[in-house]
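Here is what TrEMBL says about this protein:
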type: BINDING; residues: Cys93, Cys97, Cys100; note: [4Fe-4S] cluster binding site
type: BINDING; residues: Phe99, Glu205; note: S-adenosyl-L-methionine binding site
type: DOMAIN; residues: 79-312; note: domain 'Radical SAM core'
Amino acid sequence: MLFVRETNKNYAHSKQERGNVIQVMKTTLSTNLSDIEEKIIKGQRLDFEDGIRLFESSDILAVGRLANIVRERINKNRVYYIINRHINYSNICKNKCKFCAFSREEGDDGAYQMSIKEILGKASQIIQEKATELHIVGGLHPELGIDFYVDMISSIHKRFPKVHLQAFTAVEIAHFAEISGITTYEILKRLKNAGLGSLPGGGAEVFSTEIRKELCPEKLSGDEWLNTMRIAHNLGMKSNATMLYGHIEKDEDRINHLLKLRELQDETGGFMTFIPLAFHPKNTDMKNISSSAGLLDLKMLAIGRLMLDNFDHIKAFWIMLGIKISQISLSFGVDDIDGTVAEEKITHAAGAETPEALTVGEIRSLIEETGRVPVERDTLYNHIN
Ligand code: V47
Ligand code: SF4
């Protein structure tokens with residue numbers, strides 16, 4: 001409730017003021033973006049150079065207004081949210097990504113691995129919350145093979161057959177294949193048969209080989225991430241896509257990342273939503289880098305909307321962006337604000353100051369204050385009620 005009072009104070013004081021903001025947005029398109037605007041209005045695809053120019057533009061309202069055209073063309077005035085629960089089942093990880101404050105070695109202080117019984121205990125809270133999705137991700141355990149993960153998914157699926165299980169990033173899937181000595185295709189088929197519904201978008205980071213070498217050399221390559229998603233899509237499973245930004249990447253790395261996602265989407269059509277993830281430096285090996293500023297957050301979302309013309313949805317993950325930027329992003333290309341989340345460990349280990357959960361009432365209020373219409377969805381974007 002505190003949150004609702006605070007947003008009432010800070011944003012969208014009256015319809016008149018909201019109208020003024022919209023008017024400013026309509027009249028500030030700088031002429032050097034007018035050819036890009038023309039392409040957008042005609043529904044033409046933007047290229048690498050267009051993307052770079054959008055990043056270089058200091059006219060954030062113009063970039064936002066362009067993204068808003070596409071956003072309203074695809075999703076009208078709707079803002080999607082989901083009642084979900086995150087379960088980060090273990091922080092034990094054999095990798096040491098420089099940007100990660102979550103992972104621990106086995107036996108370290110604070111290292112944990114939930115048993116299937118504990119995971120079922122966490123999952124059972126969805127009943128009173130009326131959640132439709134469990135979002136399950138964790139570290140790369142150096143010993144556990146695929147049987148543990150198949151058992152995890154089938155136990156949850158048997159107990160809660162109506163709940164959609166969105167679990168395991170492409171990084172975890174590739175790790176299960178390696179440690180179990182079977183193909184990625186076999187891993188995904190076994191998990192799908194056990195009840196896995198879709199894959200979350202994590203682990204993509206930035207596809208650039210140089211940046212991965214610097215930040216996460218042990219992690220699968222960008223092409224391997226994309227290929228894991230290709231296999232999942234070909235098996236009939238949908239997935240999300242992310243990009244970690246606000247660290248050492250440059251504009252060209254961001255645009256190349258988006259173009260690779262767009263290319264795979266042209267091929268498979270299996271991505272549901274793009275989620276730019278704002279780097280949180282606290283407690284990581286990169287704590288000298290400052291957190292991304294609001295301007296970059298809004299640009300990432302808006303340019304994601306403009307470049308990914310074949311993605312239906314752009315999500316602001318409020319846990320990482322903060323509630324205020326997430327609310328404003330609804331005029332900068334975003335049509336999805338994730339969900340109630342309830343317990344998130346990865347960003348909070350890296351210093352996120354957001355709460356670990358929002359109530360449905362809080363989510364709906366923050367959407368309604370922007371003049372948009374909140375729509376509860378399930379994982380696959382079917383409308384609920
Ligand atoms: O894979 C790790 C990133 C991801 C940090 O698919 C960090 O709907 C910021 O993928 N600062 C996990 N990010 C979270 C994720 C996700 C979140 C919400 C929704 C969806 C979805 C996916 O978080 C990791 C990594 O890329 N990450 N450390 C950090 N310090
Ligand atoms: Fe492990 Fe994922 Fe953290 Fe990298 S980002 S250290 S793979 S938990």
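Cβ coordinates come from backbone N, Cα and C, glycine included.
Those TrEMBL annotations? Automatic predictions, nothing curated.
Everything TrEMBL records as a feature, shown here on the structure.
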residue	record	Cβ neighbours (10 Å)
Cys93	[4Fe-4S] cluster binding site	23
Cys97	[4Fe-4S] cluster binding site	22
Phe99	S-adenosyl-L-methionine binding site	21
Cys100	[4Fe-4S] cluster binding site	22
Glu205	S-adenosyl-L-methionine binding site	25
Rounded Cα-Cα span from Glu205 (S-adenosyl-L-methionine binding site) to Cys100 ([4Fe-4S] cluster binding site), Å: 11
For the recorded [4Fe-4S] cluster site, enumerate neighbouring residues of the same chain (Cβ within 8 Å of the Cβ centroid of Cys93, Cys97, Cys100, site residues themselves excluded), in sequence order. Asn95, Lys96, Phe99, Phe102, Ser103, Gly139, Cys216
Reported mean pLDDT - the domain 'Radical SAM core' (79-312): 96
Those binding-site residues among Cys93, Cys97, Phe99, Cys100 lining ligand 1, judged by a Cβ under 6 Å from any of its atoms, are Phe99, Cys100
What does DSSP call Cys93 ([4Fe-4S] cluster binding site) in the simple three-state scheme? coil
Cα distance, Cys93 ([4Fe-4S] cluster binding site) to Phe99 (S-adenosyl-L-methionine binding site), nearest Å? 14
Hey, how far is Glu205 (S-adenosyl-L-methionine binding site) from Cys93 ([4Fe-4S] cluster binding site), Cα to Cα, in Å? 17
